[in-house]
Structure formats: C-alpha cells, structure tokens
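Q: So TrEMBL has the following annotated:
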type     : residues : note
DOMAIN   : 266-399  : domain 'GGDEF'
TRANSMEM : 43-63    : transmembrane segment
TRANSMEM : 69-89    : transmembrane segment
TRANSMEM : 101-120  : transmembrane segment
TRANSMEM : 126-143  : transmembrane segment
TRANSMEM : 150-168  : transmembrane segment
TRANSMEM : 174-195  : transmembrane segment
Amino acid sequence: MAAGKTDTGGSTELSWRAEFHDPALEALFRRTMQAHDACQMRHALWVAAGLFLAFSVADYHLLGFSNAFFVLITTRTSVALACLLLALALRKRTALAQRPLPINLICLLGISTLLLTIPLRPAPDGIHLASIVVASMALYLFVPNRLPWMLIWNVYLVTGFAIVVPLWDPLPGGLMATSLLLLGFVNLLGWMSVLRLNRLQREQFASLLEERAINRQLQAEIEERSQLEERLRYMACTDDLTGIANRRRFFELAERELRRAQRDHSPLVLCMVDIDLFKSLNDRHGHAVGDIVLSTVAGCCQSVLRETDIIGRYGGEEFVIALPKANLYTATTIAERLRERVASLSLPMVPDRHALSVTVGISRVEPGETRLDPALLRADQALYDGKARGRNCVVVAHHGPSLSAMEA
Ligand SMILES: Nc1nc2c(ncn2[C@@H]2O[C@H](COP(=O)(O)OP(=O)(O)OP(=O)(O)O)[C@@H](O)[C@H]2O)c(=O)[nH]1
C-alpha cells in the first residue's frame, strides 16, 4: 500500500504484521473494529465450545466410561465453559476481544486439551493431524489482530504434536516428516491469509479516513462559500453605514408590497424623511459626526416602525419608508412620532441640543397606480413644501379636500 497520511498527520504505513506503524492510528482502527471483532470472536467461541463438547460423544464411543474418557470430558467441558463465559462476557464488554489475557487462556486450555487427546484417545494417524490442522487455521482466522500471539500458540501446537506423537503413537519416519511439513505449510498459509486480511482491512480503513477528511474539507468549503454568499447578499441589499435596506432592496420590497396592496385593495403609504440642515452639521462637526447622525436617525426611524414596514436609504441624508396597510392618518401619526424622537435626540458629539430635526413628506399610493414613482414624487414634493415652511415638520401631499398639510 502506498504510504499516505491521515488528516491528523498520522502515517498509514503498515508494519511487518500488516498493522499501522502509527500507534494512535492502530488504536483508532482497533477501537473502530472493536464491536465487529467482539461479534466475530463470540461466534467463534460458541462454535469452539460446541465442537469441544460434541467430540465428547466420539470419546465415549471410542473409550466408554474409562478413566481416559473422564479426563477428556473434564478438560473438554472446562474449555467449553471457558469459551462460553468469554462469549457471554464479550456481549457486555466488547473491549475484551482486544485483551490478550482471556483469549490466551482459552488458547492454552484448548490446545492442551487437543494435545491430550493424542495419548488418551486412540485414533487413526490422520485424525490427530487433521484436528491439529483445523485448530491451527482456526487460531489464525478467528482471533483478530493477535498475529504474533497466534504464531506463538501455533508453535506450541506443532511442537506439542511433534513431541507427543512420537512418545504415544509413533508414526513411520516419512509420515511424521510429511505431517510436520504439512503443518508448516498450514502455518505459512494461515500467516499469509491473516497478513492479507490485516492489510486489506487497514487499507480500507485508511481510505475511509481519507474520504472522511476530504468530505470534511468539502463541507468546510461549502460552509465558507455559503457564508460568503450570505455576506454578499447582505452587502448587495444593505446600506453599509446605517445597516438598513439600500435603495435597490427598498424598491424590491416596496414593489412587492405595492402588488399585494393592489391585489388586496389595501392602502400603501410612502414617506420621504430628510435630515434638516445636514450640510451645515457636516461642515460644522465633520463627516464622521455626520455619519453617526445618519445611522442614529436610521435607528430612530426603525424604532417607530412595525415589523411589516419597510425602510431604506434613498440617498445622502434622505430615507424612504413604505407603510403597508396604513392610511394617511396612521402614517402621519408615525411620522410625527419619528419627528419628535429625532428632535429630542441628544448626541454628545452634537453640542447644540436642538440641532437635529427631520422633515417628512407623506403620500399614499392611489388606487390604479401600478408604480411607486408617482407617490414618491408627491411625497418628495410634500417634503420640499415642509422644507419651505421652515423644516422640522410632517407634510402630507395634497390628495383631496379632506387632508391638508400638517405641521408640527
Ligand atoms: N456624513 C455624511 N454626509 C453625507 C452623506 N451623504 C450625503 N451627505 C451630505 O449630506 C448633505 C446634504 O445636504 P443638502 O442636500 O444640501 O441638504 P441639507 O443641508 O440637509 O439642507 P436641507 O435638506 O435643506 O435641510 C451634503 O453635505 C452631503 O455631503 C453620508 O453618507 N455621510
């Protein structure tokens, strides 16, 4: 496997036993596989317990109720019980699958019992060899991630076989050599299979980690882009200085309200708000103070409006407000409240307490008007009327005999 790096910087290089060189990565792999390993080992232990007990039936047929039978059934039952206990314990504590002690104890008991059958139970030559071969493969394949330990137990198994067989049931020289060669080959096969399995599992795990890292990176990029988009959208719609809608956004929202008003035959009123003598304020106190006054007045406007009302910066020191479902009387009340609030403002950077005031021009959208421009023009005209009348006032554009200019 080509050596790579995980996103945490760990190397995915494998050791001679096909485990990760990086101990942290190996520990992570084992933790990830823990439940799976425990499940696999539990099944193997159930099968092993069943097999050990099942062979007692064969022992009985071969030995009857002899001493040898009782020794064998005792050891077989001990192994089976140990297997069952560990299988039950693994159900609750999956971490036991990766602890060497319990499984090593069972290996010791199981292999010793298997070797004990050679002197205690007479059987044709091939039967003992076959059970050793099966046990050897089982050790390699069913005990996960314990390759060096399983090699040690296999050495015990083969060495035991090589010692016990000549002592109790000697084989012809050629047959013994063939058996040992066969066992050597079985070990090689088991070893290679486990190496291959370990390598495949870890390669898959490393790819999974890599994939997750790429996904996380993509997720972060997507989030960054959507934040950027959100920011751009905000910037495209908002006036930088005051934080209220810019002119483009105001028209977008107000035109939507106009269509709704036409549909529902409900009123829509527009107000133009202009800060009085702003040029002289700018000249006297500087542009920076002018900016603060602009955003303070914008805040005042917002404070007198309902959530459904729309406010935007029309340009310079002029604001525009759309009041859906409001008649001229309501609009005038709101504008008066705004005018009073601005007049009562006391800003530390503007020493003259009465310096701040606004003039408001008001006009309603007449039935049948499909654009905002005519009403805006009338509100603007009313605003200039207000300026001509001395400022700091609210003026309603002439709509009919019932409504005349209203001054503060
Ligand atoms: N500080 C600041 N000043 C601005 C901004 N936009 C426009 N202005 C200033 O606003 C002032 C507008 O002044 P005018 O249109 O002459 O009107 P005014 O002085 O308010 O007089 P009246 O409207 O007749 O009461 C100009 O001096 C502009 O430079 C801004 O974003 N910040």
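Each residue, glycine too, has its Cβ placed from N, Cα and C.
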Q: For the transmembrane segment (126-143), which recorded stretch in the set 69-89, 101-120, 174-195 gives the largest number of Cβ pairs separated by under 8 Å?
A: 174-195
Q: Cβ pairs under 8 Å with the transmembrane segment (43-63): which stretch of 69-89, 101-120, 150-168, 174-195 has the most?
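A: Comparing 69-89, 101-120, 150-168, 174-195: 69-89 has the most Cβ pairs near the transmembrane segment (43-63).
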Q: So how many of the residues in the domain 'GGDEF' (266-399) end up helix, strand or coil by DSSP?
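A: Looking at the domain 'GGDEF' (266-399) with DSSP, the answer is 58 helix, 31 strand, 45 coil.
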Q: Take the transmembrane segment (101-120) and find every residue of the same chain, 6 or more past its ends, with a Cβ under 8 Å from one of its Cβ atoms.
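A: Answer is 41, 45, 48, 52, 55, 59, 63, 68, 71-72, 75-76, 78-79, 82-83, 86, 89, 128, 131-132, 135, 139, 143, 146, 149, 153, 156-157, 160-161, 164-165, 167-169.
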Q: Near the transmembrane segment (174-195), which same-chain residues lie under 8 Å Cβ to Cβ, leaving out any that are not at least 6 residues past its ends?
A: 17-18, 125, 129, 132-133, 136-137, 139-141, 147, 150-151, 154, 158, 161-162, 165-166
